[in-house]
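Worksheet for the structure shown next.
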Amino acid sequence: MDGLLSKLRNLDAYPKVNEDFYSRTLSGGIITLASSVVMLLLFVSELRLYLHAVTETTLRVDTSRGEQLRINFDVTFPALQCSIISLDAMDISGQEHLDVKHDIFKQRIDAHGKVIATRQDAVGGMKMEKPLQHHGGRLEHNETYCGSCYGAQESDDQCCNSCEDVREAYRKKGWGVSNPDLLDQCKREGFLQAIKDEEGEGCNIYGFIEVNKVAGNFHFAPGKSFQQSNVHVHDLLPFQKDSFNVSHKINKLSFGEYFPGVVNPLDGMHRAQWVQHSSYGMYQYFIKVVPTVYTDINDHIILSNQFSVTEHFRSSESGRIQALPGVFFFYDLSPIKVTFTEQHVSFLHFLTNVCAIVGGVFTVSGIIDSFVYHGQRAIKKKMEIGKFN
């Protein structure tokens, strides 16, 4: 038994030094104190890293198909009234969403940016007394109202019961409304008067649209849009204005859900606030959308997107309209998907780093202490030799 214990004692890799041979110095105490503080700070830093999740980033090819892309926006037009702004969206697959009204809200604002009224954009008009019928006569007491479409009806029994219905019928025909006061519905609803009442006001339009996950564009522009000879145009004649100031500020623009750490480059930035100096102008934003998947520490998956953007402005030349006045967002999708995954550092990794901190600081402080100690001894010895000489 004694032989076994003796063999174990010989395996001791940490030989002990008799306390009689210890030499404690002031410099050693200072180095010990400093190394202890450094060791504590590094330990606390490593402990915080262990307790908090870290995010791992990976890149892969986006193979998703048939998904929808949600576009969230909040744009303020300080010099363009709500009654004349429309929102259109279209993509390279040929799908169009003209004059989008679902999930879109408009706030009338005064010259100081104060909200006057808020309403959800919707189709429909006011009720009218004895309006013009589709057969040309006026509504009688025993007759059901069916307003005239003024030649734009697609069938004999189609009715246009509001100014919006007439404009929609004209849009489908590819016609423009030159003078709303010539339309019974628009005149009775006070279409032009409503526009005049909002003169000098601005508009804050916000909401979201869902489009196919392919390249496309959406834009805010005055007038009602329609197709004419396969060209997308806006009917500006009803507003009887020579110019439209589409200066704007983008308060928010995002593609998909919010996730921690996302930075949308146009949100409230100064460069997103334009001041128009010419009569007509087209503001263009060319956006590269990067699909992003964020998985938090609880394995909750958020499908979203990031984007980068470049900007361009097209103005009129020599008084001729070269571009439709409005704010256009052209977006394209990146084939690369970014994946963010939150995860905790493993305990073994934490333990390894703690051991590395303790061992590293102890070793470095020992080297420094040895250098200082032997340096002091050498200086002291030279001083003693100098005294004897």
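Just so it is clear, glycine is given a Cβ too, placed from its N, Cα and C backbone atoms.
What TrEMBL says about a protein is an automatic prediction, not a curated fact.
TrEMBL annotations:
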DOMAIN    8-97  domain 'Endoplasmic reticulum vesicle transporter N-terminal'
DOMAIN    149-369  domain 'Endoplasmic reticulum vesicle transporter C-terminal'
TRANSMEM  21-44  transmembrane segment
TRANSMEM  347-373  transmembrane segment
Cβ contacts under 8 Å made by the transmembrane segment (347-373) with residues that lie 6+ beyond its boundaries:
25, 27-28, 31-32, 34-35, 38-39, 42-43, 46-47, 49-50
For the domain 'Endoplasmic reticulum vesicle transporter N-terminal' (8-97), DSSP counts of helix, strand and coil?
35 helix, 27 strand, 28 coil
